[in-house]
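Engineer: Not my notes, these are from Swiss-Prot:
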type	residues	note
ACT_SITE	Arg292	active site
BINDING	Lys116, Lys159, Gly165, Gly166, Glu201, Lys202, Phe203, Leu204, His209, His236, Glu276, Glu288	ATP binding site
BINDING	Lys238, Arg292, Val295, Arg338	hydrogencarbonate binding site
BINDING	Glu276, Glu288	Mn(2+) 1 binding site
BINDING	Glu276, Glu288	Mg(2+) 1 binding site
BINDING	Glu288, Asn290	Mg(2+) 2 binding site
BINDING	Glu288, Asn290	Mn(2+) 2 binding site
BINDING	Arg338	biotin binding site
DOMAIN	1-445	domain 'Biotin carboxylation'
DOMAIN	120-317	domain 'ATP-grasp'
Amino acid sequence: MLEKVLIANRGEIALRILRACKELGIKTVAVHSTADRELMHLSLADESVCIGPAPATQSYLQIPAIIAAAEVTGATAIHPGYGFLAENADFAEQIERSGFTFVGPTAEVIRLMGDKVSAKDAMKRAGVPTVPGSDGPLPEDEETALAIAREVGYPVIIKAAGGGGGRGMRVVYDESELIKSAKLTRTEAGAAFGNPMVYLEKFLTNPRHVEVQVLSDGQGNAIHLGDRDCSLQRRHQKVIEEAPAPGIDEKARQEVFARCVQACIEIGYRGAGTFEFLYENGRFYFIEMNTRVQVEHPVSEMVTGVDIVKEMLRIASGEKLSIRQEDVVIRGHALECRINAEDPKTFMPSPGKVKHFHAPGGNGVRVDSHLYSGYSVPPNYDSLVGKVITYGADRDEALARMRNALDELIVDGIKTNTELHKDLVRDAAFCKGGVNIHYLEKKLGMDKH
């Protein structure tokens, strides 16, 4: 087992990783910026090191500072969490070159899956269903590009190969817009991601966002932990997630599970990962793979009983997967509401001092949060301050428990989006299950389609 893990992150995920390390008897090193001296996990870690000023570019994104902190504390491994450097192949490479273990996939695999064109090619080879589109990058030759778009059929979407999280994409509804849109996206992609390559795909008008959680040991063994539905989104940011995804064609589901597991083995994947799909008319279409732990991993843990973060640590220590596919049984239903420090109407960040914090409780309720009474939420980072997760024997029970949990949650002193969640878990269409990715924006009156 790993001896000492440096947690290269902050907030709720840093606390989540620390708890998993402690359960496995692994010593921990917490790193933090000057703005994060009050973080809960700092006092719980064996050691803590300040790695720079408040801006993430000078602290949590500073690779030399993180590696130096690992060296001075004698850490043997580094867990990146999510966000920041979690999917940065250069970070993974420098960690391994410096003699530490990176808790995650190899740099080569991160690069492969981080480039949307090479990722799509790898998935096609593994038999994972993909969205119809350009075979590789969209050619700069105008006639060829127009011919590809005609064959795919409008509307199409032009995406930056190095993009993600909803950035670097443009929907084109007819031929007259194609060339101009391609040029604009190329220019933006070059500036934002350092890679001007773009590709073209069929634009699915009303899909759902369904993803598959996998674990793979990089030694030829891989399993899936079922799927999640993350269709309730605002500006491509997930708001509520659930497992399993409701109302999915079972044959299509089992087929895509098998393909994802096979893909992990073929690319030599190591650690926890997520295959993200658009799901429309009973069919799955691969969009990207996240090569890290995800914010919404708890819903999969609740319905399978598998501790994903502990499994990541075991795999990183060189152990083979201890869980076989036949051991994974999906029982019941789980929901997760992301609690953000933001104005529920304008969605503007709401940093400040938490005067009083009370976490909900009761049967089947889990709260992953770094908040406590007296803690000050800094203005420098993502607004996520916690996740309320509920589990039930079925979806209705999980929803009933979530309604109770949100009513019990108290966060005084700052604004949060709790009221939005209270509304959503009582929304008739969401309660029925199976809303598409545009539903929330339409409900909020911000629909662009």
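Each residue, glycine too, has its Cβ placed from N, Cα and C.
Give me the local environment of each listed feature.
Structural biologist: Of all the Cβ atoms in the protein chains shown, 24 others lie within 10 Å of the Cβ of Arg292 (active site). Reduced to three states, the DSSP call for Arg292 (active site) is coil.
Cβ neighbour count for Glu288 (Mn(2+) 1 binding site): 20 (other Cβ atoms within 10 Å of its Cβ, all protein chains included).
In sequence order, His209, Cys230, Leu232, Val295, Glu296, Arg338 are the residues of the chain that are 6 or more apart from Lys238 (hydrogencarbonate binding site) and have a CB within less than 8 Å of its CB.
Listed in sequence order, Glu87, Gly273, Thr274, Glu276 are the same-chain residues at least 6 apart in sequence whose CB falls under 8 Å from the CB of Asn290 (Mg(2+) 2 binding site).
Note on the domain 'ATP-grasp' (120-317): its mean pLDDT in the predicted model is 96.
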Engineer: Fewest other C-beta atoms within 10 angstroms of its own C-beta: which of the binding-site residues Glu201, Glu276 fits that?
Structural biologist: Glu276
Engineer: How far is it from Glu201 (ATP binding site) to Glu288 (Mn(2+) 1 binding site), counting Cα to Cα, in Å?
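Structural biologist: Approximately 13 Å lies between the Cα of Glu201 (ATP binding site) and that of Glu288 (Mn(2+) 1 binding site).
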Engineer: If you count the other Cβ atoms within 10 Å of each Cβ, which of the binding-site residues Lys116, His209, Arg338 comes out on top?
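Structural biologist: Result of the Cβ crowding comparison: Lys116.
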Engineer: Which ones in the same chain are close to Phe203 (ATP binding site), with CB under 8 Å and 6+ residues apart in sequence?
Structural biologist: Tyr154, Pro155, Val156, Ile157, Val171, Val172
